[in-house]
Amino acid sequence: MQLLQSSVIAATVGAALVAAVPVELKARDSCTFTSAADAKSGKTSCSTITLSNIEVPAGETLDLTGLNDGTTVIFSGETTFGYKEWEGPLISVSGTNIKVQQASGAKIDGDGSRWWDGKGGNGGKTKPKFFYAHKLDSSSITGLQIYNTPVQGFSIQSDNLNITDVTIDNSAGTAEGHNTDAFDVGSSTYINIDGATVYNQDDCLAINSGSHITFTNGYCDGGHGLSIGSVGGRSDNTVEDVTISNSKVVNSQNGVRIKTVYDATGTVSNVKFEDITLSGITKYGLIVEQDYENGSPTGTPTNGIKVSDITFDKVTGTVESDATDIYILCGSGSCTDWTWSGVSITGGKTSSKCENVSTGASC
């Protein structure tokens, strides 16, 4: 009898010990955070994160890096940021198979007027970059309504990222906003930006390096247009397999542009501009220039960066009377194998300074 009791006790104790062994806990289905600190500390504890009316403290990032695979992030209410001169970013998101979206009526407001001084990133106040989508892979950003970024909007360094129906409205910065690029893409693959609406004071799109990138159904107002580059002078100086299509560029300095860095090396290849409509362009309707140095054109092109297999198809519209319809300044032998079809840009001046234009193109 005593032996039986001992066996029962031993079995009971053993079961209790097994039950006490810690096991991996599954993330809760959903969490709602009302502060940046809580979001940072609790971001891996739930599969759906709702960010409700968060006021991000000055000099801090709304840190959503390292999310669990498959996490959904929902911006709800109004997301705002305290004022401080610093580099940023104000928001950073990373992870795999992440969905970033917003609730109905939500907005993300950078209140950039506190930093805007007409100098952008070239001096004056130090201004924070807005949204880092770095290592945000096999993921999506959908429907965000963003207002008043201090300088650049999205910095994209990711693979397989879809950005759909995002609005970036910096129209309040017409006087003092500067360098408010909407989408800067570098060292990325398979990026798809569809249905973007942009009001800003710099490039609507700037692809500095990467491959398999598409921008379609976009509306770009007030900035510097749709750009490849500037390419060159970085660790990654290759842009290839890019399609920019079915988009409008209005009230902007440039329409479509390829710019490469003076005396640098690299490659721009298989780039297509298709079905682009221009109006109210104040500087250049279509421009390719291989003379950029320290952020400005020199007028002297170099040929270290090859610009080949480029398609301009149905790029049409008007520029202002003191603007230039088309300007192509290539290095010797570096612009080759271009396809030029249905290009009709009118209203401005014809350039007399084009050089080394690819066969088939017209300047």
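Note that Cβ sites are derived from N, Cα and C of the backbone, with glycine treated the same way.
Other Cβ atoms within 10 Å of the Cβ of D202 (active site, proton donor) number 26 in total over all chains. Swiss-Prot lists D202 with the feature active site, proton donor, giving sequence analysis as the kind of evidence.
Cβ environment of H224 (active site): Q201, D202, D203, C204, S252, Q253, N254, R257 lie under 8 Å away, each six or more residues apart in the same chain. In three-state terms derived from DSSP, H224 (active site) belongs to neither a helical nor a strand segment and is classed as coil. The active site annotation in Swiss-Prot covers H224.
Of all the Cβ atoms in the protein chains shown, 17 others lie within 10 Å of the Cβ of C31 (disulfide bond). Annotation source Swiss-Prot lists disulfide bond at C31-C46 (among others), citing similarity to another entry.
Packing around C204 (disulfide bond) is summarised by its Cβ count: 31 other Cβ atoms lie within 10 angstroms of its Cβ, all protein chains included. According to Swiss-Prot, the feature disulfide bond maps to C204-C220 (among others), an assignment based on similarity to another entry.
Per Swiss-Prot, the feature disulfide bond maps to C330-C335 (among others). The DSSP secondary structure for C335 (disulfide bond) is strand. Within the same chain, the residues at least 6 positions away from C335 (disulfide bond) whose Cβ sits under 8 Å from its Cβ are V288, Q290, V307, S308, I310, I328, N356, V357, S358, A361, listed in sequence order.
DSSP assigns C354 (disulfide bond) to coil in the three-state reduction, placing it in neither a helix nor a strand. Per Swiss-Prot, the feature disulfide bond maps to C354-C363 (among others).
Summarising the annotation, Swiss-Prot assigns N-linked glycosylation site to N162 (among others). For N162 (N-linked glycosylation site), other Cβ atoms within 10 Å of its Cβ number 16.
Neighbours of N356 (N-linked glycosylation site), defined as other CB atoms within 10 A of its CB across all chains, total 16. The N-linked glycosylation site annotation in Swiss-Prot covers N356 (among others), and the record cites sequence analysis as its basis.
Same-chain residues lying 6 or more positions outside the repeat 'PbH1 1' (158-187) and placing a CB less than 8 Å from one of its CB atoms are 112-113, 116-122, 127, 133-149, 151-152, 193-210, 213, 215, 220-223, 234, 236. Marked as repeat 'PbH1 1' by Swiss-Prot: 158-187.
Positions annotated as repeat 'PbH1 2' by Swiss-Prot: 188-209. For the repeat 'PbH1 2' (188-209), the mean pLDDT of the prediction comes to 99.
Taken from Swiss-Prot, the feature repeat 'PbH1 3' covers 210-230.
Look at Swiss-Prot and you will find 239-260 tagged as repeat 'PbH1 4'. Tertiary neighbourhood of the repeat 'PbH1 4' (239-260): same-chain residues 204-205, 207-232, 266-290, 292, 305, 307, 310, 312, 315, 317, 319, 345, selected by CB-CB distance under 8 Å and a gap of 6+ residues from either end.
Positions annotated as repeat 'PbH1 5' by Swiss-Prot: 268-290. Cβ atoms under 8 Å from those of the repeat 'PbH1 5' (268-290) belong to residues 225-226, 228-229, 231, 238-260, 262, 297, 301-303, 305-320, 322-331, 334-335, 343, 345, 348 of the same chain, restricted to positions at least 6 beyond its ends.
Annotated repeat 'PbH1 6' per Swiss-Prot: 302-347, in sequence order.
Taken from Swiss-Prot, the feature signal peptide covers 1-20.
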* Asked: Per 10 Å Cβ neighbour count, which of the disulfide-bonded residues C46, C330, C354 ranks highest?
  -> C330
* Contact set, same chain, for the repeat 'PbH1 3' (210-230): CB under 8 Å, 6 or more residues outside the stretch -> 170-171, 174, 180-183, 185-204, 236, 238-261, 268, 271, 273, 276, 281, 292, 295
* **Sparsest-packed of the listed disulfide-bonded residues (C220, C363) - C-beta count within 10 angstroms** => C363
* Which of the recorded positions N162, C220, C330, C354, C363 has its Cα closest in space to the Cα of C31 (disulfide bond)? -> N162
* Structure fact -> D202 (active site, proton donor) -> DSSP, reduced to three states, gives coil
* Candidates C46, N162, C220, C354 (recorded positions) - the one closest to C330 (disulfide bond) by CA -> C354
